[in-house]
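Feature annotations, reproduced from TrEMBL:
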{"type": "TRANSMEM", "residues": "B:31-51", "note": "transmembrane segment"}
{"type": "DOMAIN", "residues": "B:35-433", "note": "domain 'Oligosaccharyl transferase STT3 N-terminal'"}
{"type": "TRANSMEM", "residues": "B:98-118", "note": "transmembrane segment"}
{"type": "TRANSMEM", "residues": "B:130-150", "note": "transmembrane segment"}
{"type": "TRANSMEM", "residues": "B:156-174", "note": "transmembrane segment"}
{"type": "TRANSMEM", "residues": "B:186-212", "note": "transmembrane segment"}
{"type": "TRANSMEM", "residues": "B:224-244", "note": "transmembrane segment"}
{"type": "TRANSMEM", "residues": "B:251-271", "note": "transmembrane segment"}
{"type": "TRANSMEM", "residues": "B:283-301", "note": "transmembrane segment"}
{"type": "TRANSMEM", "residues": "B:313-339", "note": "transmembrane segment"}
{"type": "TRANSMEM", "residues": "B:376-395", "note": "transmembrane segment"}
{"type": "TRANSMEM", "residues": "B:402-420", "note": "transmembrane segment"}
{"type": "DOMAIN", "residues": "B:550-608", "note": "domain 'STT3/PglB/AglB core'"}
Amino acid sequence: MEAQLRLRPLSLFTLLLLSLLSTSSSSHLLNVINAERRIDLTSHIVKVFLTLKVENTGTIAASEILLAFPPNEVDHLALVKAAAATGKRKKKTYVPLDVNPTEQPDAPNGTKYLAISLVKPLGAGETVTLEVLYILAHSLEPFPAEISQSESQLVYYSDSAIILSPYHIKQQTTFIKTPSAKIESFSRVEPTNRAGTEIKYGPYEDHSSHSFSPIIIHFENNNPFAVVEDLVQEVEISHWGSIQITEHYKLAHAGARHKGVFSRVEYQSKPSISGVSSFKNLLARLPPRAHSVYYRDEIGNISSSHFRSDKIKSELEIEPRYPLFGGWKATFVIGYKLPLQDFLFESPDGRRYLNFSFGCPLVETVADKLTVKVALPEGSKDPSVEVPFPVEQRLETKYSYLDVVGRTVVVLEKKNVVPDHNSYFQVYYTFKPIFMLAEPLMLVSAFFLFFVASVAYLHIDPSIRK
Amino acid sequence: MVVGNAESMKSDLLSSLSIRWIKLKTKQQEVLIRVSILCLVYILAFISRLFSVLRYESMIHEFDPYFNYRTTLFLTQKGFYEFWNWFDSESWYPLGRIIGGTLYPGLMVTAALLYWSLRFLRFAVHIREVCVLTAPFFASNTTLVAYFFGKEIWDSGAGLVAAALIAICPGYISRSVAGSYDNEGVAIFALLLTFYLFVRAVNTGSLAWALASAFGYFYMVSAWGGYVFIINLIPLYVLVLLLTGRYSMRLYVAYNSMYVLGMLLAMQIRFVGFQHVQSGEHMAAMGVFFLMQVFYLLDWVKHLLSDTKLFQAFLRVTVTCAVGVGVIALGVGTASGYISPWTGRFYSLLDPTYAKDHIPIIASVSEHQPTAWSSFMFDFHILLFLFPAGLYFCFKRLSDATIFIVMYGLTSMYFAGVMVRLILVATPAVCLISAIAVSATIKNLTYLLRTKRKVSQTGSTEGINGAKASSKALLDRSQPFQKNSAIALLFGAFYLLSKYATHCNWVTSEAYSSPSIVLAARGAHGDRVIFDDYREAYFWLRQNTPQDAKVMSWWDYGYQITAMGNRTVIVDNNTWNNTHIATVGRAMSSYEDEAYEIMRSLDVDYVLVVFGGVTGYSSDDINKFLWMVRIGGGVFPVIKEPHYLVNGEYRVDKGASPKMLNCLMYKLSYYRFGELMTEYGKPPGYDRARGVEIGNKDVKLEYLEEAFTTSNWIVRIYKVKPPNNRW
């Protein structure tokens with residue numbers, strides 16, 4: 001019942017769009033010949049693979065191709081990657097392309113656009129095949145919003161059966177994959193087929209630009225809805241040979257809220273039907289050769305974790321103190337050390353740079369907010385950052401062991417980070433190796449002064465009587 | 001050639017250096033050895049207390065330390081004035097607690113000062129690490145004080161032995177391992193320091209030492225309620241000296257300046273306030289103070305009067321007057337209520353059975369029980385036998401200082417017998433007196449060995465001559481026997497001391513390094529199993545309950561819930577309000593509907609119980625339950641202990657009394673426990689802590705619901721349901 005009520009504004013929206021279509025004029029005469037969309041709903045992170053075959057039917061060469069998103073979807077957009085495919089089947093090669101948000105003056109109903117910049121402009125009559133991957137966080141809405149321990153978790157996913165696009169699409173198909181065959185309901189926009197865990201919408205022929213046809217799918221998803229609400233990653237570089245990483249997590253289960261009783265006896269004796277949507281362990285993929293790992297929280301060490309490390313990868317399996325049910329939270333800290341030579345390099349111009357991955361190490365987890373703080377060694381100058389995507393930046397000062405002037409800290413902040421973000425960023429700075437000796441020299445002089453003072457004390461007789 | 005020259009020079013230098021080294025004066029050698037031994041003992045005292053960090057982690061232990069940690073955190077974050085004026089609304093809901101006025105701030109201020117100075121020196125330490133290592137640090141300092149004290153009362157050898165003994169004595173380690181962040185950790189240092197400075201002041205008659213002793217006393221007052229021991233022992237000691245005719249000007253200076261200054265300084269601590277002039281426990285010190293003045297007066301008059309008879313008469317009149325005035329003052333003070341009578345805690349020290357009859361809340365604490373012989377043996381080991389020997393040596397060489405240590409040893413041994421936790425106070429005295437025994441014995445034995453050698457040497461070099469030779473031979477015949485026995489005795493002493501060292505090591509690592517928050521057990525294959533249920537539950541409370549939730553539990557867990565769970569509690573380990581605790585005890589021992597009324601009136605949102613039936617953890621709430629009944633029944637006569645017993649026997653199986661099987665504590669502990677198989681070959685609902693099958697397997701809850709149970713069932717949390725709608 002509620003689902004239908006919810007559908008109504010969306011259909012109104014469609015009507016509006018359709019009415020707008022007649023007036024809108026497309027800037028480029030681009031056409032999509034064939035579009036295929038695969039939506040992966042198997043975890044709580046929605047992954048969409050979009051294959052577009054675009055033809056330029058106009059006369060001017062087009063250098064940009066636009067992707068359109070409804071305004072509510074844009075807020076959940078965590079990552080967009082695009083690549084142009086060239087070559088035939090087996091010899092296909094992909095050229096990664098830049099994607100940037102743009103504004104269009106005639107955007108109907110607040111539609112947002114992302115522009116894919118082509119490497120070479122698409123001439124008249126030419127075609128190009130684009131592969132687009134975009135990831136949506138927080139796009140599955142639990143319904144019912146509160147479940148008890150014995151119930152499994154059902155969620156809504158709403159989208160459009162027809163791909164929202166500023167271009168005319170000749171032919172399109174959408175495949176939606178659900179984690180299990182248990183689908184409560186799904187909207188039908190004929191032709192619609194369902195086979196096991198897959199729903200197929202389409203093929204649809206000849207839809208004009210900005211077509212929209214809302215669908216809603218209600219299905220079971222018991223995957224851990226692990227969300228890191230806030231992650232602060234501190235990277236401290238020591239030129240004595242190691243990098244210390246400290247990660248502060250605020251973890252939450254963002255699925256359907258737990259309601260009523262938590263019964264340990266049921267949780268222990270019937271693990272298959274009790275608390276199926278809860279999770280009790282997580283996997284963190286750490287950089288290779290990580291060592292001195294610890295896992296603790298405000299009140300002490302958490303003893304339930306396993307660490308496997310080799311030269312290719314390090315994996316840390318952690319268990320929060322208690323299983324996380326919907327709405328429950330846990331905070332913890334993970335720390336580890338990395339060998340310096342794996343991450344710190346010298347650039348040709350003599351500056352040093354740290355090459356480190358930007359992202360949350362927990363597998364299958366969304367980080368709502370990620371703050372990376374890179375503490376450069378004391379005495380380093382002119383920090384500059386290279387990040388492959390837009391982030392907020394600022395500088396801070398931090399005092400660690402035996403620091404006098406403090407360390408420069410480069411702070412990077414980004415919202416909505418998903419695991420596929422594991423791309424690298426670089427922090428450049430200049431550093432004179434002589435500063436490495438500052439702290440040992442301080443210690444040496446302090447001890448020296450202490451001994452001098454003791455010797456002096458032993459040789460001086462301060463008494464007045466004589 | 002040049003090279004050869006350089007080499008010869010080098011060897012010259014080396015030989016001259018080594019010769020110089022050998023030619024160090026004996027005194028210098030002694031100093032060197034003494035300082036290095038002290039340094040080693042200092043380090044040893046510190047590192048032997050780190051077992052708990054190695055075995056577990058750097059964490060705060062047990063119950064009270066969590067409160068101290070929480071207040072220290074507050075002090076470092078908000079500053080001293082906020083701390084001093086802190087009204088804590090998170091405990092004793094709805095009463096609250098004035099923290100600044102009801103605690104001894106010495107420990108927190110010490111840790112905060114250490115923290116601030118480390119921070120100033122740019123050591124980026126966390127306050128938790130400072131708190132964890134405060135007790136070992138002060139234990140190390142205590143060894144230094146013990147050395148100086150030993151040196152003061154006997155000689156530097158005894159001082160060294162005392163430092164070594166106290167560094168590893170289990171009686172002291174039990175309260176000062178890393179993480180045991182409690183008042184005692186600092187207070188034993190302060191106690192010994194005060195005593196040392198006072199004895200030093202008595203020995204020298206110096207105003208400076210007396211002043212230092214007053215400041216030591218001030219530090220002790222700020223750190224621990226055990227300062228009452230000092231303020232009673234020192235007057236007692238002075239009185240004994242007066243009675244044994246050892247009155248001197250040194251004593252007069254030392255006691256008067258220490259007492260007056262110490263009293264004034266102690267009044268600066270809010271929790272102590274005017275007790276020095278108003279409380280019965282402090283009156284002995286004041287009485288002795290006035291007695292000293294009378295003595296001084298008498299001494300002066302005696303000096304002026306040459307006539308003995310006249311002086312005798314004067315003496316009689318003065319003493320009678322003084323005693324009369326004293327008694328009247330005391331009587332009037334007590335009658336008018338100006339001087340408060342002795343507190344229950346003080347009484348229970350003088351009469352061990354007092355607490356059991358009158359104050360169940362004191363008697364319920366396990367560390368307030370009378371000490372068993374085994375724990376004396378456990379905590380003192382060979383010191384228990386060396387102590388009387390040391391007393392013998394002390395009596396043999398009686399002086400002001402040895403009288404003090406004898407009195408300290410005897411009184412503290414008495415208190416150690418009354419209460420387990422007071423073994424701690426006796427430990428320094430026992431170590432010092434034993435050190436005198438060890439040092440004196442070994443000194444005598446080695447002296448014997450050395451003199452023998454000299455005698456035999458002279459005997460062999462001197463000529464062989466008739467009668468002289470025969471007498472020499474006689475001596476020589478007895479020498480090997482004495483010498484051998486001395487060697488044997490020395491070996492015996494070293495054997496005993498090494499046994500002591502291994503015992504201390506074993507006790508520290510096995511018994512006294514457990515944080516009691518994390519429980520460790522041996523698994524079926526000999527591997528170590530960790531039960532981290534307490535922190536699991538507290539962290540769950542911290543993260544998943546509303547910020548203003550009130551948690552009801554037995555008072556033992558109050559400090560931990562506020563510190564780790566960050567939630568408001570009804571009662572905690574401070575136990576300042578007996579009625580409030582009795583209310584909680586009453587709720588726990590009532591039927592569910594009655595308990596619900598009480599919990600509603602206290603705004604309780606969650607109830608926390610500790611249950612060991614699954615793991616076999618025996619210090620759980622069911623085993624503490626009779627104390628809840630007793631404490632509850634002490635205030636609310638509705639609760640009667642016999643209702644929970646069957647023929648005077650406490651049981652939880654089918655034969656238990658109906659009241660027991662249906663009271664709140666039973667229900668909360670055993671809710672849905674009847675469905676669980678705990679041990680192979682036993683029926684479901686088999687309680688492993690008590691070894692019985694429970695009597696009520698079908699526990700239904702009407703007003704509460706299970707909110708969380710930890711993985712090993714040790715902590716169970718229930719949510720109090722809101723009242724039903726009436727319409």
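Each Cβ is built from the backbone N, Cα and C atoms, and glycine gets one as well.
Listed by sequence, the residues of this chain that lie at least six past the ends of the transmembrane segment (B:376-395) yet keep a Cβ under 8 A from its Cβ atoms are 154, 165, 169-171, 174, 402, 405-406, 409, 413, 416, 423, 427, 430-438, 440-441, 496-497, 499-500, 503-504, 507, 511.
Relative to the transmembrane segment (B:283-301), the listed stretch B:313-339 leads the set B:186-212, B:251-271, B:313-339, B:402-420 in CB pairs under 8 A. The largest share of C-beta pairs under 8 angstroms with the transmembrane segment (B:130-150) comes from B:156-174, of the ranges B:31-51, B:156-174, B:224-244.
DSSP assignment over the domain 'STT3/PglB/AglB core' (B:550-608) gives 33 helix, 9 strand, 17 coil. Here the transmembrane segment (B:98-118) sits against the transmembrane segment (B:251-271); at least 3 CB pairs are under 8 Å, leaving out pairs fewer than 6 apart in sequence.
Sequence-remote contacts of a segment are chain residues at least 6 beyond its ends whose Cβ falls under 8 Å from one of its Cβ atoms, and for the transmembrane segment (B:224-244) they are 104, 106, 183-184, 186-187, 190-191, 194-195, 198, 217, 251, 255, 258-259, 262, 266, 272, 276, 281-282, 284-285, 287-289, 291-292, 295, 346, 400, 403-404, 407-408, 411-412, 415, 425. If one looks beyond the transmembrane segment (B:402-420) by at least 6 residues along the same chain, the residues whose Cβ comes under 8 Å of a Cβ in the stretch are 153-154, 195, 198-199, 202, 229, 233, 236-237, 240-241, 244, 246, 348-349, 352, 366-371, 375-376, 387, 390-391, 394-395, 426, 429-430, 432-433, 436. Taking Cβ pairs closer than 8 Å, the transmembrane segment (B:313-339) reaches residues 278-280, 283, 287, 290-291, 294, 297-298, 301, 305 in its own chain, all 6 or more past its ends.
Listed by sequence, the residues of this chain that lie at least six past the ends of the transmembrane segment (B:186-212) yet keep a Cβ under 8 A from its Cβ atoms are 106-107, 110, 134-135, 138-139, 141-142, 145-146, 148-149, 152-153, 172, 175-176, 219-220, 223-224, 226-227, 229-230, 234, 248-251, 253-255, 257-258, 261, 400-401, 404-405, 408, 424-425, 427-428.
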